[in-house]
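The block underneath contains the structure these notes are about, expressed in structure tokens.
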Amino acid sequence: MNRISERHVMLAVTAVVLMVLFFGASMRFDGFSSPFVIADLFNETAFLGITAVGMTLVIISGGIDLSVGSVIGFTTIFVATMISDNGMNPVLVWAAALALGTGFGCMMGALIQVFKLPAFLVTLGGLFFARGMAFSIKKESVQIDHPLYDAVGDIALPIGGGASLSFPAILFLILIAIVVVIAHRTRFGRNLYAIGGSEDSSLLMGLPVTSTKIGVYTFNGFCSALAGIAMTIYMDSGNPINAVALELDAIAVVVIGGTLLSGGTGLVAGTLLGILIYATIYQITYFANLPASLATISIGTLLLIFILAQQSLRRLR
Amino acid sequence: MTIDPPNPIRRITTSPLFWPLLGLVLLLIFNAIFTPSFFNLEIRDGHLYGSMVDVLNRGSIGIIIAIGMTLVIATGGVDLSVGSIMAISGAVAALMLTESNVSLWGVIPCALLAATIAGLLNGLLVAVVGIQPVVATLILMVCGRGIARFLTGEKVIALVDDHFSAAFDYLGNGHFLGMPFPVTIFVLLVLATLVVVRKTVLGLFIESVGSNEVASRAVGIQARTIKIGVYAFCGFCAGIAGLIDASNINAADTVNAGVFTELDAIFAVVVGGTALTGGRFTLVGSVVGALLLQTLLTTLYTFGFASDTAPVPKAIVIVGVCLLQSDAFRQKFRRRSAA
């Protein structure tokens, strides 16, 4: 079995799971397949989607980033405090937040690549660092009241039936389109797959391993900060405890989307399907009035099943 | 190649225990100068009180988890799910105490069994299915807290009024020989583990699997069984920690129990001188590492550091220590000092 067909097999499996879940739920619950629910699938999980896109590239390169949830939490409280308490222009604050997130990702990537430290350890350190910094800014929730936020909140892309996509959801879809092009049509993207497949071979082939790996963590830092900004738009507030443990959801979504955790194989488009599965599971627990912890358990179980499936696919090869 | 003559100073500084102990001593000296009350001890109702006792008491959960984590890291793995396992064990104990008539002697084994099974699952995923340890234990880290929350019905189960159990309360808040009872638990656990891994061949097997799994299998060591065993043991340790944690607050708070303990434990192990790459390990080092962490936190709190922001210095210290241990960093440093 070659690499191309393997990743398409995983994508097909993901698509089947999504269809079974969605159509099963549609038959079981009235109004599940309404445009409103479909719009919600995107609107409610847009920030998770944005960070999962960056995570996809990190995982394809054979790495992992556990810091994303904390960086998102930090970004929300940073943005909210700067706008509400310091009266700064939101556009400037967004730019500063994106710069901070990008710089933070770059720093972690440099530690991982230059000093050969394990990625999970450095990013776990990053998780604690960013969360602590978030609390050092402010310990409680900060509301955002700004005309620009009202204007952005009014942006909506109608998808028919009176339902519409919110600005974060539009941002997510644009980002995923851009990253699909980066992953499959640029030299950087091809290098990522090569490094994830075998870092030693890539080095011997003369690929820019160091800059590519630092680059992918840098890009993921950018995505996390962007996700944090999307979250402030979604909630009109910032809170240092936002997005605790979101990194686990992001990794789960990426794996369910068919990306191999050992690196080298995966499709960015699969992550879109992974997000939709995640959102559908949460909608089902909401419709069926089940406790939210069941959704967590189902996602963990689905993660386990997908990892086991990937493992057996590799053995078949 | 010449063999260095045995140099006593060199032998001390190359001991894995040297650096963590030095760190701990420096912190204690710092405290002796700036907060002399740190060393005050007083006896009230036959119980010892003071900052030092506090460090031991609060550090006990970290030490207990660090013991299990040391063995897992020695095999070249890592267990990220210890926090979730703590939540499961606390939830099982609180549920049985409130919903059933089982005595504490039945409750504790059940909670520990649940935790050990959770650890066993980690071990099976790592050793039998062959998933990387970070990923395998990540699954339980995601799921485990969900399971614990589901068990308790997404509520905090408080062990008060009718459900208050004096015996369960003793686990976390009691005193034995003047010291808080958690101290007794961790001392016993450390001693028992030390005897088992150092007086039998088991410790050697663990180090051998961590340094070279294929070679270990070739000489007839059951690498798979060893690996499953250490993850199960790590789960068991997390289970004990979960019981102490639940008993401390007399409640099972599945959302907050054991959050972030995995980093604390990895911190203790790495600072204590066990390399993340596996192989050689030192249990005493991990205990010193955990005490160093707790002393650092207590010192930060006395200087008015909020507990919310404490992760910042923690993160800096752990990444710094790993940097110092990394070959790449040492080489760069050496090259510069040679030039």
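Each residue, glycine too, has its Cβ placed from N, Cα and C.
Where the annotation comes from TrEMBL, it is an automatic prediction and has not been curated.
From a predicted model like this one, the values you see are computed outputs, not experimental measurements.
Marked as transmembrane segment by TrEMBL: B:17-34 (among others).
Long-range contacts of the transmembrane segment (B:55-74) within the same chain: residues 82, 86, 119, 133, 179-180, 182-183, 185-186, 189-190, 193, 197, 206-207, 210, 230-231, 233-238, 240-241, 244-245, 261-262, 264-266, 268-270, 272, 274, 276, 278-283, 286-287, 289-291, 293-295, 297-298, each at least 6 residues beyond the stretch ends and with a Cβ under 8 Å from a Cβ of the stretch. What TrEMBL records for B:55-74 (among others) is transmembrane segment.
When Cβ-Cβ distances below 8 Å are used as the criterion, the transmembrane segment (B:80-97) is approached by residues 65, 68-69, 104, 106-108, 110-112, 114-115, 118-119, 122, 134, 137-141, 143-145, 147-149, 151-152, 157, 159, 163, 165, 168, 234-235, 237-243, 245-246, 251-254, 257-262, 265 of the same chain, each at least six residues removed from its ends. Per TrEMBL, transmembrane segment is recorded for B:80-97 (among others).
Residues of the same chain lying 6 or more positions beyond the ends of the transmembrane segment (B:104-131) and with a Cβ under 8 Å from any Cβ of it are 68, 77, 79, 81, 84-86, 88-90, 92-93, 96-97, 137, 139-140, 144, 165, 167-168, 223-225, 227-236, 238-240, 242-243. The transmembrane segment annotation in TrEMBL covers B:104-131 (among others).
Residues or ranges marked as transmembrane segment by TrEMBL: B:176-197 (among others). For the transmembrane segment (B:176-197), the residues of the chain that approach it from at least six positions outside its boundaries are 43, 46-48, 53, 56-57, 60-61, 63-64, 67, 71, 170, 203, 206, 237, 240, 244, 283-284, 287, judged by C-beta separation under 8 angstroms.
Packing against the transmembrane segment (B:228-249) from elsewhere in the chain are residues 60-61, 64-65, 67-69, 71-72, 74-75, 77, 79, 81-83, 85-90, 93-94, 108, 111-112, 114-120, 122-124, 126-128, 159, 168-173, 182, 185, 189, 206, 257-258, 261: each is 6 or more residues past its ends and has a CB under 8 Å from a CB in it. Feature annotation from TrEMBL assigns transmembrane segment to B:228-249 (among others).
Annotation source TrEMBL lists transmembrane segment at B:255-276 (among others).
Sequence-distant contacts of the transmembrane segment (B:283-306), counting only residues of its own chain at least 6 positions beyond either end whose CB sits under 8 Å from a CB of the stretch, comprise 16-17, 20-21, 23-24, 27-28, 30-31, 35, 38, 51, 54-56, 58-59, 62-63, 66-67, 69-70, 186, 190, 193-194, 197, 264-265, 267-274, 313-314, 317. Residues or ranges marked as transmembrane segment by TrEMBL: B:283-306 (among others).
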